[in-house]
Amino acid sequence: MTRASVLTGLGSCLPSRCVTNAELERTMDTSDEWIRARTGIAQRYVAEEGTLTSDLAVGAAERALKSARLTPDEIDAVIVATTTPDRPCPATAPTVAARLGTGPVPAFDVSAVCSGFLYGLATGSGLIASGAAERVLVIGAETFSRILNPQDRSTSVIFGDGAGAVVLRAGEPGETGALGPLRLGSDGTGVDLITVPAGGPPRPGAAAPDDLADRYFTMEGKRVFWLAVQRMGECAESVLDRAGWRVADVDWLVSHQANHRITARLADEIGIPRERSVSNIAEVGNTAAASIPLALDHAHARGTLRPGDRVLLTAFGGGLTWGAAALTWPAVDPV
């Protein structure tokens with residue numbers, strides 16, 4: 001019999017420093033009105049000097065384990081989805097696993113930018129389906145502020161730092177909390193649309209002058225907008241079809257929190273009322289791979305998500321990459 005993956009715990013972690021739009025007004029050519037109108041963001045959290053991606057990942061993981069009523073030594077694998085690891089090599093996940101105290105279990109990173117959490121979810125679910133693991137910790141964690149050009153208002157006003165985590169356990173298909181159909185995709189011809197151009201062998205970061213903008217994250221916003229809506233919409237329709245759900249059956253849409261215009265347009269394209277689209281972008285900004293688990297945890301804490309609710313997850317990120325998944329919301333302990 002096919003083993004399902006059931007969401008049994010979740011948690012999140014944000015840095016202590018909150019940066020409002022008013023603060024950004026004092027450091028760059030922008031305004032609160034401009035930022036809100038184009039992104040829907042009012043504030044974002046930024047990691048203090050010395051705070052690493054692994055620090056946020058551990059904080060979110062500890063809360064997820066508490067929510068699942070598990071101890072670290074009961075976890076069989078740790079997956080960290082991130083674009084901003086502690087260092088280029090090795091992966092951040094082994095550091096997270098060691099700090100949690102999981103023991104010598106498999107621990108590795110997944111890099112798919114803003115789609116990373118869904119890629120991690122698919123990988124964790126695959127470990128459970130194959131029998132290689134009974135319980136998997138999947139974390140999305142970012143310190144995106146470290147790769148942003150502080151003078152580029154097209155990116156610096158959008159992104160924030162943070163982490164979200166879920167615990168998956170082996171279960172039965174169809175039980176409350178079970179992860180349903182999941183679809184992923186990519187298109188490498190769009191690699192330059194969302195990227196940090198310098199840092200790899202073709203353009204080593206160490207050889208770049210201090211003022212080289214290519215050291216920072218760049219994005220072609222207008223092209224990304226339409227591609228994100230198109231790809232997430234197509235993926236969502238495929239997942240709904242495979243799950244046997246009608247659009248009217250979906251209680252909540254939880255999409256990657258890119259900006260409020262993308263999430264609103266996506267809801268319209270799928271046919272889900274905008275008021276059924278979960279959003280926390282005003283409070284935390286775009287947190288890349290952390291955005292979906294952060295949105296889930298915050299919606300759960302507010303009482304928005306209730307056991308048995310049918311939830312549709314969608315994401316789009318650099319690569320280009322995208323994904324969607326169906327999930328029946330579980331009875332999860334709040335933390």
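From the backbone N, Cα and C atoms, a Cβ is placed for every residue, glycine too.
When the ranges 27-31, 72-76, 207-211, 257-261 are checked against Swiss-Prot, the one recorded as region 'ACP-binding' is 257-261.
Residues 38-41, 114, 158, 225, 228, 279-282, 284-287, 291-292, 294-295, 316 of the same chain sit 6 or more residues outside the region 'ACP-binding' (257-261) yet have a Cβ under 8 Å from a Cβ within it.
Cα to Cα, His256 (active site) and Asn286 (active site) are separated by 8 Å. Residue counts for the region 'ACP-binding' (257-261) under DSSP, split into helix (H, G, I), strand (E, B) and coil, are 2 helix, 0 strand, 3 coil. Cβ neighbour count for Cys114 (active site): 32 (other Cβ atoms within 10 Å of its Cβ, all protein chains included). A sphere of 10 angstroms centred on the C-beta of Asn286 (active site) encloses 23 other C-beta atoms.
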